[in-house]
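Chemist: Structure in structure tokens, see below.
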Amino acid sequence: MIKRIDRTSTTSWSPATEKEPLLALGSVAGALDASFSSKAELEIYSLNLNSTDKNLLKVHSITSNSRFNRIAWGATHLACGKENGELDIWETKSLLKKTDKPFYSTKLSGPVRGLDFNPITTNLLASGALDGEIFIWDLNQVNSPYEPGARSQRLEDVTALAWNKQVSYILASGSSNGYSVIWDLRNRKELIKINNPNGRKPITAISWNPDIPTQLLTCSDDDANPVILMWDLRNASAPEKTLSGHSKGVLSMDWCPKDSELLLSCGKDNRTIVWDTLRGVPIGDLVHSSNWSFDTKWCPRNPDLCVVASYDGRVSVHSIQGASNHPEEDIFSPPPPVHQDIDPTDPFAQIGMVPTNSNQRVQQPIFTLPHPPKWLRKSIGAVWGFGGKLAIFDSAHGSRVSIKSIPINEEFVFRTSQLEYILQSANPEITSQYCDYMKDSEFVKSEKDKDIWKFMKTLFAANSADLIRDFIGFDGSFEKDVRLSAILEKLNMNNSQENQEAETPAKEPFSIFSGKQTEEADIDKIITKAIIVGDYEMAVNVCVATNRMADAFMLSYYGGPELVEKVQLEYFKKNSKVRSYSRLLENIYHGDLTDVVEHAKLDGNDSWKDLLALVCTYAKPEEYAHYYSTLGNRMVVSSGGDRKHVAALCYLGAGEMEKVVSLWCQGQPNKRTVIPGDNIELLNLIEKISIFSQAISYHDQDLVLQDPQDNYALSDLYDLFIDYAYAAATQNKIDAAFRFLEQVPPHYIPSKPLPDVGILRDRVYTAFNYKQAVNGQPPVFPFERVNVFDGEKLRRENEAAEKARSAVSNQYQSFQANNSAPQNSWNNQSYGEQSRFPQYNQYQGTTYNQYSGSTQYPPVGSSYGQPPIGNPYNVSPAPPPINSYNQPPAPGYGTTPPISNPYTAQAPSFTPGPPSVTAANQWIPPPATSYNSAPPVTAASRVNSTGHAPPIAEAHYEPPTFVAPNANQNFNYPLPRQDSIVSQPPPPIEPKLCN
């Protein structure tokens, strides 16, 4: 309970347009409190929810000359129907300003018990009084009311009025004689009449469905049938649904305006019930009172609140969600005390101080809703599904769920689509253009990434060495070095002067042998003599020995290739440690750059470019990978600058996938992004790895291994693929996700907190329309298969059941064809004194017909001889029907003797008829009445090997109490136990027909 006030009043809530819910109370007609006060008041109360006080806060009160039957609060006015026939209409604003003069007042033919404002056309008010008097009041022309049509002959005193919640010109009226009439104000006529099927009982309330304009509820104060009837005006001949839950007459009800599945009702059983109108069942009791509850309404402003008024002198406000400001009173609610000041000297006044139920405490129910009401349910919602699917529901458009593919990151989707197109094309020219696009793209912001895309473009060209030299900027010019350029300029100038002087060489005499007597002159003589005699080897040896390497090279040219090679080796031996270019020239001469690549110092940031250019110039294409890898290894272990970035470039040229992935993954965070597809760094890495893999035509050997491995060389790459596949799948790029999951070994277990690769592979595989994997086999199902349904077993059982049904049908058709008997074909025919089922025959040799002696029948309980229903052959006397108390008729009127009768009781006669057969020629067993039914047939005995048992459904059978003939004592005759019934009865006996 939220709030309360001790009043015996009819109620009405303020409209939903009011900022704060207000409650109008009017002293109800026909009731007194314990003090017998005749005072009548119209009161306005505020809920005052911010206060801990349990009582409502009075806003205004007006003394009235008569008590109230109905109060209706519209959008701008408040209407009161009084017991004396007066109709008062108050303007809400004036009333809240505590005015005492109504906006309009008039007197009708009698007590006004029907009153309702139109919820759509808010200026219309309907009132109802005696003899079917109904007026429609236009508040804009209040002096000119009109009737909805010709006065109905079906209506007597109007007890209830209700406007349709969807159609503004439809009005429902209820009468004291049980009739309800629906009016069409547009055509000013009576539209349809509804008759209370329970008789002429006053209609106490009418309520329209707020969502369905053709559905309404009626109720009456009939204690014999305390039900609420739900009508569908499309077929008003009978109620669509009956809501049973009250034990006495229903006095008031209200359909929740915000949730048509909820209904409030209260009545003479002191209960206020909340109903589920869809199922037509009570959800639970909201509140109990110590006297009749006569009025209940939902709050339009806050549908969680409702008000209940009862004749125990209390008006209480409740929450249907169980919220309460006073939980102690929700358990045991005492009756309200008498509020009037009592004169202690007045002996008659003392009587009113202690009502008869003053010590009574009503235990209150604990009410909970099984599901949230509509106003708390999500009117619209969405949930993400696998594959970037978004499931959206919108209750405003009915029970419809739409599934859309909505990308979370448009950049991710666009770049993934581009990459997928490049990978599918596998065209080097297109891929090279893609590298050009990426190096200048706005997606690539890092200079290092731009270098990588430039370098990868060289991998798709035939002249990759030239492009790599261009990439590193090594073109052989010295323009960038000012000092070297100056030296070159000077040397070129000297050379030009010497060349000009050489154009006119002097022809002067000379001596072949020097006349000097020095060591140098002697060496010259030796060399000269060797040249004269053609001994170039001697001349070369002397030159080499005297370190005249230039002369040695010139002389070796005339001595042949071997001599030239000898001079070159001697040159390298003497000068490789003196001049760096000599050592470089030695490596070039031998065609092996390993010494230079492994031992050349990496002094500056660009020294690696010199080595890379040297390799591109002198190495063979098949040697590139070795030298690039060697240089990359040196860059990894060296320090300073961007050596790892350079190493990655070298590994790219070498085609070292494992080393490239290892270097690139070092900069990746271990923590995955919260939103899949939002990791652009992951996408950048996948793009580079994918293009690189295509450039070198990489094939992972671990993919073909059948057994799991302890260590995978590309474990970091597999983690990237799994993470990217999950991100791509969430963006509805299922094809891309499947492609990269195919590049993960089947038995690989991620080393990072990633989605289970087996489950992800299975989901992607299933979502990709069951595409075959690379190896021609679908991925391994990630769960243990459990056979929860044996289809083969069910098929066998169905076939057996079908054969049994066919056998029963064929047998009965044969019986029907061969035994077309005249009327009363069972008369004067005996089956003998002994039944084939002795456990059912307790009469030991006597026939079953001990009274009439003319009609006998097969044993009760046999699977083939059940007596038919009814008396179609006019046997006299016909057995009377079983009465509503399930007692057998008097002996001699066609009743069957009880089964297993331990007493010697003579059985009355029974007149069977032909068996009943449906259109499908199947047996229909007779109803399980007290004495004309066979023992129940279990599932085990339903279909036997002979195929003669009809398909009878299992049912629990309670044995009746039988009054034995000639006895004044009741006895219970139990049926045989279920396990005593034979599972395979003997073949049926061919019935003998009478003449």
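Every residue, even glycine, has its Cβ placed from backbone N, Cα and C.
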Chemist: In TrEMBL, one of 91-118, 315-342, 483-510, 791-818 is tagged coiled coil. Which stretch would that be?
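Modeler: That would be 791-818, per the coiled coil entry in TrEMBL.
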Chemist: Please give the average pLDDT for the coiled coil (791-818) in this predicted model.
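Modeler: 82, rounded to a whole number.
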Chemist: Can you name the far-off residues of the same chain, 6+ from the ends of the repeat 'WD' (151-193), with a Cβ under 8 Å from a Cβ of it?
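Modeler: Cβ under 8 Å, 6 or more out: 110, 113-121, 124, 126-134, 136, 199-213, 216, 218, 220, 233, 236, 257.
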Chemist: Per DSSP, what is the helix/strand/coil residue tally across the repeat 'WD' (243-276)?
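Modeler: Residue counts for the repeat 'WD' (243-276) by secondary structure: 0 helix, 20 strand, 14 coil.
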